[in-house]
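Student: Per TrEMBL, signal peptide is recorded for 1-18. If you look up TrEMBL, you'll see 17-74, 78-165, 182-267, 271-351, 356-444, 446-534 marked as domain 'Ig-like'. Residues or ranges marked as domain 'Fibronectin type-III' in TrEMBL: 543-640, 644-741, 745-840. According to TrEMBL, the feature region 'Disordered' maps to 626-655.
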Amino acid sequence: MMLPWKQIVLLSITGCLAWSLNGTLIDLGSDYRRHMSGGSLIIRNLDKDQDSGMYQCTAFNTWGTILSRRASIQFALENFKTQSVRSAVNVREGQGVVLLCGAPPHSGLTFAWIFNEYPFSVQQDSRRFISQETGSLYIAKVEPSDVGNYTCVVNNTVTKEKVLSSPTPLVLRSDVMGEYEPKIEVHFPDAVPAAKESVVKLECFALGPVPEISWRRTSGVPFPSKVKMKNSNAVLEIPNFQQEDAGTYECIAENRRGKNAARGRISFHKPQWLQTMADTALSIEENLFWECKANGKPKPSYSWLKNGEQERVQIENGALSITTLNLSDSGMYQCVAENKHGSVYSSAQLMVLSAPSFSRSPLKTLVKARSGSEVTLECKPQASPPAISLWKKGNEILQRTEITVLSNGTLKITNVTKRDAASYTCIAKNQFGTASTTGRLLITEPTRITMRPTNMEIIVGESIVLPCQIAYDPALDVSFSWAFNGQLINFQRDSDHFERVGGSIAGDLMIRNIQLNHGGKYVCVIDTDVESLSTSAILVVKPPDKVAVEEITDSTAQLSWTPGRDNGSPITGYIIQARTPFTVGWQAVDTPEVVSGNMLTSTVVGLNAWVEYEFRVVARNAVGLGEPSPPSAKTRTEDAPDTAPTDVGGGGGTKSELVITWEPLPEELQNGEGFGYIIAFRSVGTVTWTRAIISTPGVSRYVFRNDTIPPFSPFDVKVGAYNNRGEGPFSSISTVYSAEEPGVAPKRVRARSLSAAQIEVIWEALPSLPERVLGYEQVVYWEDDTKPDTVGKVRITGNYTQVNITGLKANTVYYLSVAAFNTAGPGPQSAPINNTTKKPRAQFSTQWSMIGSTLKLHWDPVVAMETESKVTGYLVVVKRHRYNDINTIFTNKTTAELSLSASDNYLIQVKVMSEGGEGVGSEPIHIHRL
């Protein structure tokens, strides 16, 4: 039991994952009174309502999860009272009597009695006994000296509180009672529950002529030395209770008039283990049978847990059985034996043995990653015992010195580049077998935001488009979303105001009929397979100005305003003022008529085209001029464009395309809203112009596609501008050629192997064509006839008809093809041919001799065969065992001398070097410690 203000620590034997109270997980993150330290739960400022109950700890490691035994917190009894007024107890001399204390039943209480007044307390002896079970005072035979007032004192051992009962008067009657045989008033129950290693106390006291109390075991077994008799044998105490202490105990009260006895059986009522299970390892598809047994009274019931929870198990008479084991059955199991007196837990690990399998956790078939990012490929085979794993890139095994492999087998690649793109295979192996899983890593270019929204101010009722446009790798899937003040915009629910516009590379947000509550922060979120980007802008929404611009032309503006206060003197007229970036302060502007005091609209004249204006109104009365109104929103006068785009040109593109380019007009020359471009073109020698409209002011390129366009054909081209006020002038006419296209593939393609790493490819030049040939590219080569996605490519600019392909694998068949290219890109490829690279030099023999610490090597010169690469030299490889290091020496000679240490072992090998790389090498030479 605990006081509310005290701190309590609940100890955990193993590392603790979580604590629960009355079956509910305790949220330690939001609970300032509770926290964990080393797995133990510490509770400060205890609260009876919040902290009472049953606690249990959940612990785990890589093998599974188990639950601790349950622990409870009870709070001490507080502010209790005994009976307020007590009646006198009348007894005869020689009679036995019981004085009741009246305290509520609760643990943590001890009892004493005061005789008449403090500090005179009742002393216990063979005639008087105070029960610590009931608190009552027992007097076996009343004497005249016992007459007086008796007060029960209740001590709370937890709170240290002391409560005194009202006095109970003991009055002696005039007559005397005769003697009688002992009457046992205090005796223990017929069945006494006991816990192992606990202290068991049995009370026994009788009324009547003072009896002698004795104890025995009905089995006749004598008491061990640890058993103690207290309070004139009224209390039998058995410390450190064990199984051998269980049995039937008898209390015997005897005086000269006779004797009486009371019996009770002490036994283990809380469950105690008789049989538990042990850690077990079984093969997959075997059957498991575990049995646990415990004693207790009443007979305990059994339940089984796997990793702290009940799973697919069959339980019969406390035994657990699982048929046809699989890997998911591995874990920590607990058998729980429980009755009303408590519960016990027994734990064991089940390990299901099996060969590695990736059926539940294969690598993704395709993994996409952004260039420059970090990639982790997880290798998680199901295997027992755990498998050893290694990684392959393509067909080559990756050495641990080349890569980063975490302890759990995960492959980690930092700062990935295009060179890391490949197929990766994780191979897992244990003594029961081997398994593998393969996935392809695709490296994509980073996504870039090409057009962002900007902070801006807008008036209620207007509409706006917030741009969000990107450039991205076409291999990626892209999605756009918008958030407003931290909440995702629901375009279906809020379709009256919000709409997503744009295409696959644009996530522009249109906001219609903007209201004051639309002001705030807007965030565009771009999600791809490999990354997430965002860009934001603040939108400030202002109420309508008191001065509003209703309509504006190139030289006039229609204004309206709301009247201000006249301060007791009627308004007689208004003065309209304007301000531009080119004026000094506010200037009065002209109106067709005088603006009288009852007018709330007027037209301003004499404005300049394509200039940004602000307007305000000043009222006057008989007293003078008032304060000017707040300025109107900035508004620009409009006119049709008066300047044509410059630098009109173009050319290039792909098949059947006419590409036209120009220099965009700056904003100050666009003269109004709704600005765009008019592109006009026609074949040279024809009359009719074809027109196209581009409504984006910043665009500087237009592509016309039509299958009827002949390659490299001249066109007349001109570009003009327009806005809402009309069209402007066109540029002068320029001549632009349509795209080129090589229409045929090179012929008579041949190849021959030059070495183990090099192939020469030869072809005939293409004949004269209407289109230009700028060179040859797509001299492609691959290792098998399936032509995979990843191929080698060589590009040659100019009219060459031969190329050498280097860096190839030795003794490997390559397929090759050639195509011409020009500004339209590559043309058709030639039919594939194949060629095989030469073999590297094979193994040869070496002679050696040892003089002191000097090793002399000698070998015959190696001459390459017709199908082999030319020999370029020899490589002497020296591996030193003690330091586990490798040194190499390159030489053109056929001899070498080495100085060796006398205290180490060496392994030496000579390898032939050629254009195809290292040969197989000589037989290894083992030099042992000298």
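Glycine residues also receive a Cβ, built from the backbone N, Cα and C atoms like all the rest.
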Student: Could you give the number of helix, strand and coil residues in the domain 'Fibronectin type-III' (543-640) as assigned by DSSP?
Tutor: 0 helix, 42 strand, 56 coil
Student: For the domain 'Ig-like' (271-351), which partner among 17-74, 78-165, 446-534 gives the most CB pairs under 8 Å?
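Tutor: Result: 17-74.
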Student: Using DSSP, how many residues of the domain 'Ig-like' (17-74) fall into helix, strand and coil, respectively?
Tutor: 7 helix, 31 strand, 20 coil
Student: Going by DSSP assignments with H, G and I as helix and E and B as strand, what are the residue counts for the domain 'Ig-like' (182-267)?
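Tutor: Result for the domain 'Ig-like' (182-267), in helix, strand, coil order: 3 helix, 47 strand, 36 coil.
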Student: What is the average pLDDT across the domain 'Fibronectin type-III' (644-741)?
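Tutor: Summing pLDDT over the domain 'Fibronectin type-III' (644-741) and dividing by its length gives 87.
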